[in-house]
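Structure, as structure tokens:
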Amino acid sequence: MLPAPRAAPVPASVSLLTLNGEAPLVRGLSLVSQAPGEALAWAPRTSCPGENTSSGRKVSPCSLDISDKLFCSACDQVFQNHQEQREHYKLDWHRFNLKQRLKNKPLLSASDFERQSSRGDLSSISGSEDSDSASEEDLLTLDEERAESEKPNRPPGFYPHRVLFRNAQGQFLYAYRCVLGPHQIPPEKAELLLQNLQNGGPRHYVVLMAAAGHFAGAIFQGREVVAHKTFHRYTVRAKRGTAQGLQDAQGRASRSAGANLRRYNEAMLYKDVRDLLAGPTWSKALGEAETILLHAPRSGRSLFFGGQGAPLQRSDFRLWDIPLTTRRPTFGELQRVLHKLTTLQVYDEDPREMVRFHSPETHCKPVREERKRDTEKEKTKVPSDANKALGQDEEPLKQGSESQEEDGSEVELELVELTLGTLDLREFEVLPKRRKKRKKKERSQKQQCGAHGPLLQQPQDEPFSQPTQVVATPLDTLVDEAKAPGQPELWDMLLAACRAGEVEVLKLQLATGPVDPGVMSLLSAPLGSGGFTLLHAAAAAGRGLVVRLLLEAGADPTVHDSRARPPYTVAADRSTRNEFRRFMEKNLDAYDYSKARVPGPLTQEMEARQATRKKEQKAARRQREQQQRKQREQEEQEQEERRRFAALSDREKRALAAERRLAAQLGAPSPPVPDSAVVNAGRCWSCGVSLQGLIPFHYLDFSFCSTRCLRDHRSQAGRPSS
């Protein structure tokens, strides 16, 4: 094996926030052109079969060797130190590329991974399925960004989100474009970028991040944190990683308590973030900020855009997407992102030259022709049945062997045998549980259709044909009798109408003229998944009018599903259950209602009594609330009077009491009091509590509610004389 390449020199790091126009580092700056025509050529590398250098590149079998250098062969990244390398190995991007390499699939760059993960094209490493219906404007923006980032013949060392400068000392500076000014600065006006860099870039930053129920935002004035806030709400389904809103948008809305809690938390998170950003501090900061950095997946962008009073606008030139792979939104992550973006990398040499000379070469080990033939024989030993089960054909193997024969350099990796040894594990990835369920459903439909028609065109060794013919129950007989060549479409139409509450569609099939015998056979047939009938589906969806129509048409409420539940027990609400009771009141002898678990008939007199009782309860509740409101007002008024009386001095209290005694002796009305709150002089001299209904304690001319207040007042009165 050839010697490993030496590591690239570590660039110096300088904070953009500490620079000024007089710093030697920024003197004589000029923008370095990175046009593809002016870029350096790629360094010669040892070619290996299967290598591709495009953005969606395939990993070369020769790049599977292990190196102790500061380089990641899966992501094609060079690191400055071991700490940065360890941090890279924890990223979802690195783990995703590892899985792609094990599956022999194309790898993604950091920018492609960010765009596809935010759009929802990729499931996360933990198994989430994040997808959302984006607007047309967002999709067009993503397409433009993808076309810009996937331009052919991109030179080495070129980064679309970074700008390369050169100073008078011959040093090269890499700076992130998002901290050098707004979008509206065109590329031809390079002097504006140079001026922003020499001035240390913008000083007012607002960084916002949101993902998976987490929100974090901070306002920075240079390095100083002016304000920051984080929120966390439980919005992501456990063991699934899918947000509840995305699950509902896909038409699989759940009615569980956890789903309702997640929907409530999504609404509260939306309200909390909107209220925070609409506050005086944050709204002023968003208006004065020179740069706004944002990171949010496609499903989380509604927190910031759209709707009434949106805090951000998509056309804002100050708004930038964070061009980094981020972790969970926290205050520490916000500080790390801003520190990373405002750090300049200073090189003594041209970084494009460094990429050329320090790019890791592919190390391949030559092998003998005999060993190559043995390996090809092992590949051809895989049986055809196994290849079919794994979704593979023999043609890729033949093409691979022909390409290796045509290649003049006979090279191969030692890990080829390990790759062949793990092919049997891919069977579980190709055939997941969901696909098995679909196959069972398709087989049952094919078998039912085949009972009344010609035999299906299947091979004789079909593994599932024999067991399905052996199992025969009365339920299967009912299904077979109900099924006809056109019945599956009719069943799907009726089921969709029951779930959606389309009463008019059902009336066309049930209420006009004689009912079709095919439709009658489907009314009580448990044909759905889980043994649901049409009555089950309508009751579970809370469609009371549909339930009434089906019962009047002849649907049997005593038919149970696979979990022994009649339609009444799966009803969504009370109004739907009342439809069964109203039907029972009109048709007492039609069915065995104890088997249907209907508790009893519901007459009009019972409904009238219930309505009257509800009105009385509502009136009593309204009266009780009014009394409680008056009592609270009286208590608040008493507390205010007590506080004001206790705040008076002893001289003012004596004067007020003397005026009231004099007015009482003369029989004249009480003199007006300046403060309308102090209207009762019969209060405790110490704490101000009303003495009405109490036996007061006296000493001298003072009255108190308790001996404790008397003792406190006496000690305070005797304190100056002591």
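Glycine residues also receive a Cβ, built from the backbone N, Cα and C atoms like all the rest.
These come from Swiss-Prot:
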type	residues	note
REGION	109-139	region 'Disordered'
COMPBIAS	119-128	compositional bias 'Low complexity'
COMPBIAS	129-139	compositional bias 'Acidic residues'
DOMAIN	201-344	domain 'VLRF1'
ACT_SITE	Gln244	active site
COMPBIAS	357-382	compositional bias 'Basic and acidic residues'
REGION	357-412	region 'Disordered'
COMPBIAS	403-412	compositional bias 'Acidic residues'
COMPBIAS	434-443	compositional bias 'Basic residues'
REGION	434-466	region 'Disordered'
COMPBIAS	457-466	compositional bias 'Polar residues'
REPEAT	489-519	repeat 'ANK 1'
REPEAT	530-559	repeat 'ANK 2'
REGION	595-650	region 'Disordered'
MOD_RES	Thr603	phosphothreonine
COMPBIAS	606-650	compositional bias 'Basic and acidic residues'
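Packing around Thr603 (phosphothreonine) is summarised by its Cβ count: 13 other Cβ atoms lie within 10 angstroms of its Cβ, all protein chains included. Outside the repeat 'ANK 2' (530-559) by six or more residues, the chain places 475, 494-495, 497-501, 503, 506-507, 510-511, 515, 520, 522-524, 565-568, 570-573, 575-576, 578-580, 582-583, 591-593, 595-596, 598 with a CB less than 8 A from a CB of the stretch. Between the C-alpha atoms of the residue listed as 'phosphothreonine' and Gln244 (active site), the distance comes to 41 Å. The Cβ of Gln244 (active site) lies under 8 Å from the Cβ of Thr235, Val236, Arg237, Ala259, Arg262, Arg263, Glu266, each of these being in the same chain and 6 or more residues away along the sequence. Per-residue confidence over the repeat 'ANK 1' (489-519) averages 76 (mean pLDDT, predicted model).
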